[in-house]
């Protein structure tokens with residue numbers, strides 16, 4: 001109860017604002033409301049942009065995956081067509097190329113170990 005009485009007495013000590021102060025307070029409140037409205041609009045626009053970007057990323061990913069599958073299919077088809085016509089020693093598997101080895105920050109493609 002004591003806190004409430006202290007709060008009431010402190011409020012009663014506050015002066016009534018002058019018309020100029022009241023106008024300034026109203027202006028501040030209006031500016032704050034405009035700023036909050038602008039932030040809300042910007043936020044909604046950002047959410048919309050992010051959703052659109054995510055959709056475009058999904059479409060691009062699906063397209064690239066489809067193209068990659070087509071390339072793999074063509075590679076397999078061409079390999080099956082070319083394979084029987086090559087001498088047995090010339091048929092290459094996909095793992096015949098050595099991976100480059102990095103030594104002292106320099107890529108050594110000779111792969112001499």
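Backbone N, Cα and C define each Cβ position, glycine as well.
Here TrEMBL flags 22-72 as domain 'Ska2 N-terminal'. Sequence annotations record features per position, and here TrEMBL assigns coiled coil to 29-56. Annotation comment: TrEMBL describes 93-113 as region 'Disordered'.
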Secondary structure composition of the domain 'Ska2 N-terminal' (22-72) [DSSP: H/G/I, E/B, coil]: 51 helix, 0 strand, 0 coil
Segment-level pLDDT (mean, integer) for the coiled coil (29-56): 97
